[in-house]
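Written out below as structure tokens is the structure these notes cover.
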Amino acid sequence: MTQLDQYGWLHYSHSCTSIEIPQDLTVGRIVSIKGFKYYTRTEQSEMECDLSGRLLYLTPTDHPKIGDWVTLMVYDTTGYIISVLPRYNALSRRNPGTTAERQLLAANVDAALVVQGLDRDFNIMRLERYLVQLAACDVPALVVLNKADLVDDTQPYIDAVQNLGRQVPVLCCSTHTGMGMRALQDELLLPGHTYVLIGSSGVGKSSLLNALLDEAQQATSTTSDANQKGRHTTTTRDLFRLPNGGLLIDTPGMREFGVTGSGETSSEDLFPVIHTLAAHCRFTDCRHLDEQGCAVLAALHDGTLPDAVYDSYLKLKKEMRRFEIDVSEKKRLNKQFGKIAREAKNHRKRFKY
Ligand SMILES: Nc1nc2c(ncn2[C@@H]2O[C@H](COP(=O)(O)OP(=O)(O)OP(=O)(O)O)[C@@H](O)[C@H]2O)c(=O)[nH]1
Ligand SMILES: [Zn+2]
């Protein structure tokens, strides 16, 4: 197996068909980003890279993200990233502190491990928020209920996740007792596939990563490869190779998620339980708020649809709508500004000042 295959190249190249790599360029995968420095794993080594001039002028979403495959020009000891190869998906969220910006967090992700702790952290609606955003990004989810050592019976928690109607695999584990860790490694995480850890602070993401990595692996990930070309790095990384050949991304950004929706007009299919009920509403454009013959409201009243699931649906729909409105308003203002700037330029030309 080549070094690149160990970082998921084979799986990636099967998932993306239109990859073209000029002969004089090297391929690498982004394993860490620190400020303006990009750390890539190439066939030869791990190296520190800068963005080439062309990439510098692109918008931030087009800059390389953790998990991206890129082409590099290697000069002496420095790599310059020339292009970002096509992504088969990307995990994004609303940029914290903004209303209309999408922030890309990771690219080429096969599944997200959504971690919750079975302590006070367990919050089914927070979980729903992550699952909605993952569905919007087309990233499959695996729910990991950690700290199972703290409860006598895990079944009610598993049931609560399954009642969301999302058909996601649920695994209970404990990094303290080792429960569930083998099943996670052997049955859920596939070699060559890339996973990302998400969940709020303190749920045990770092503990899970450490439990999955054996010590030898941790040691090799910080060893530099002195005889190879390029500036080598001993940085703490964000993309790790697991002993079973899976790849796991753990970066500090993966805690809170503002939803963006999928950018399509109907986001209803991001809510499978509501979507199924809505098929029986009297009106096809039913908003499930106060309409006559609404099957969603009927299910809410007879108790088959939990209040919390309905409330969360309304809240997340509203957030997505807000995001869409703000994005289109921003586009409209940019367009208006572009028009004014063009008019001013033409005016200057005409009157030569
Ligand atoms: N009881 C119990 N505690 C755990 C378990 N896993 C982790 N913890 C504890 O939970 C706390 C937080 O664990 P971390 O791994 O740092 O959590 P994190 O999600 O990486 O937190 P951030 O880095 O803040 O995002 C630590 O005190 C761990 O010892 C577990 O399986 N059972
Ligand atoms: Zn309805």
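Cβ coordinates are placed from backbone N, Cα and C, and glycine is handled just like the others.
On a predicted model such as this, the values are computed, not experimentally measured, just so you know.
The annotation GTP binding site is assigned in TrEMBL to N146, K147, A148, D149, G199, S200, S201, G202, V203, G204, K205, S206, S207. Spatially close to V203 (GTP binding site) yet at least six residues away along the chain are V115, Q116, G117, D121, N146, K147, judged by Cβ distances under 8 angstroms.
For the recorded site, C286 (Zn(2+) binding site), the DSSP three-state label reads coil. C286 (Zn(2+) binding site) is surrounded by 19 other CB atoms, counting those within 10 A of its CB over all protein chains shown. As annotated by TrEMBL, Zn(2+) binding site applies to C281, C286, H288, C294.
According to TrEMBL, the feature domain 'CP-type G' maps to 101-257. When pLDDT is averaged over the domain 'CP-type G' (101-257), the result is 84.
According to TrEMBL, the feature domain 'EngC GTPase' maps to 107-255.
Checking each of the binding-site residues A148, S201, S207 against H288 (Zn(2+) binding site) by C-alpha distance, the shortest gap belongs to S201. Counting in whole angstrom, C281 (Zn(2+) binding site) lies 35 from G199 (GTP binding site) by their C-alpha atoms. The least crowded of the binding-site residues N146, S201, S207, judged by other CB atoms within 10 A of its own CB, is S201. Cα separation, A148 (GTP binding site) to C294 (Zn(2+) binding site), rounded: 39 Å.
Separation of the C-alpha atoms of S201 (GTP binding site) and C286 (Zn(2+) binding site): 38 Å, rounded to the nearest whole number. With respect to ligand 2, the binding-site residues S201, S207, C281, C286 contribute C281, C286 as residues with a C-beta closer than 6 angstroms to one of its atoms, given in sequence order. For the domain 'EngC GTPase' (107-255), DSSP puts the residue distribution at 46 helix, 29 strand, 74 coil.
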